[in-house]
Each structure stands twice: as C-alpha cells, then as structure tokens.
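Asker: Here's the feature list from TrEMBL:
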- Cys24, Cys25, Cys103, Cys106: [4Fe-4S] cluster binding site (BINDING)
- Cys186-Cys188: disulfide bond (DISULFID)
Amino acid sequence: MLLNYERKSLPLPNGHNEVLLHSCCAPCSGEVMEAMLASGIDFTIFFYNPNIHPLKEYELRKDENIRFAEQMGIPFIDADYDRDNWFERAKGMENEPERGIRCTMCFDMRFERTALYAHEHGFPVITSSLGISRWKNMQQINECGIRAASRYPGLTYWEYNWRKGGGSARMIEISKREEFYQQEYCGCIYSLRDTNRHRLATGRERIKLGTVFYSADSDKKSNKNCDKKDH
C-alpha cells in the first residue's frame, strides 16, 4: 500500500519552513498536506478558487477541504468567492480549450491573490496543489506561480513536482480513505459545459453535482445524496 510509503524530507527553498498552500480541492491537496506534515513544514491552506461553478459545487469542494484541514489541524483561510471578477477576466475566452489561455488567466488570478495574501501576512513561500493532477499542465501552473511571486520582494514560489515518487497514486488512495467528494470536471462553467457535451455525445448522462464520492471499500465510486440545493 502506498499509504505506508516512507516519505523523504522536503526541503523548502532558501531554508524556509513556512508555506502558504493554495488548495484547489481536498482530493488534490490531501497528499500535499500529508507530505508537508511528514516533513514538519509549517503551512496554512489558502482557498481561493473563483472559477468553480456553480455555487453548490464551490461549497462542496470547499467544505471537503475544510473538513480535512480541521481533521489534520491545519489553519484554513477561506478567501472570497470572487466569481464576478473571474467572469470579467474570462471574457473573450469562453471557447478556449482547457490548458489554453483561459486556464493561464485562471491560474494567474488565483496565484495573484495567494501571493498578495502571503506578502501581507509574512509568508515567505507559496505553492499549490494544482500541479499534482495529471490533467493539468505543470509548466503552465509553475509559470503562473513564479510570475505571481515575483511581484513581491522576498516571496518565493515553490516548484515541487507533487506527482513524482507515487504522489499521484497516493492522492487517489487518500481520497478513497477519506471518501472525499469527487468532482467530475475541472471547475469552471466552460469546463462543465464541455464535459457535459462530451458525456452526452458518448451516451452518458450529464454530471449530477454532489453525488459521486471516492469509495474506501473498492475501486468503484460511491453515490450519496447531497442536501444542498442547486444555485
């Protein structure tokens, strides 16, 4: 089992030991959090993801992240749901493909706010759980993180490859162990639109928010009802 993996110590840039971790969701951040804890790194979670649509999905992802952070005893910063600003910045990019310029804008926006908070509250290093997903372009993410950190003297973006050494596999195992909510699209309204189009074209139903969770008992997904109403 990868969960019994003997972890190596993770040295932070420039000898620091404090990090502001931008988290996109519980499944992606679970392995990152456990790796940092095993290395004795002092970190705080920063949840700023104005791209997530609709509000119901945003709350589901945030609540799962809060649940795990509280369980692990990690401070959690709940930033604003700044969706109006996100839609304004996304104008003209509605039909861009994933991993394209719309995603660059989205990563820039999230890292800009993360870097600002880090600068204002004395964090010397920022990083993100975004890069652990194999569906993301790691170079694209790192370039956005570096660009945001470069705005502030003394702030560093930590370019760590969270996928290596079995990180991606442990991410799934932790998600099953914790029975995290399993999102079925990247997060934004355009990703939801395109994913549903693909599902319908291949004979599958549209995504039903709040129903699919990782299962601790098998490789199959479990289905649960969600009491929150659609927004």
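The backbone N, Cα and C atoms fix where each Cβ goes, glycine too.
Note: TrEMBL annotation is automatic and uncurated.
Have a look at these and tell me how they're positioned relative to everything else.
Answerer: The secondary structure of Cys106 ([4Fe-4S] cluster binding site), as reduced to three states from DSSP, is helical. Annotation for Cys106 ([4Fe-4S] cluster binding site): spatial neighbours Asn51, Trp86, Ala90, Cys188, criterion Cβ-Cβ under 8 Å with sequence separation of six or more.
DSSP classifies Cys186 (disulfide bond) as coil under the three-state reduction. Here Cys186 (disulfide bond) comes close to Glu98, Trp135, Thr195: these same-chain residues lie at least six apart in sequence, with C-beta atoms under 8 angstroms from its C-beta.
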Asker: If you skip the near sequence neighbours and keep only those at least six away, which residues in the chain come within under 8 angstroms of Cys25 ([4Fe-4S] cluster binding site), Cβ to Cβ?
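Answerer: Expected: Asn49, Arg61, Glu64, Asn65, Ser129, Gln183.
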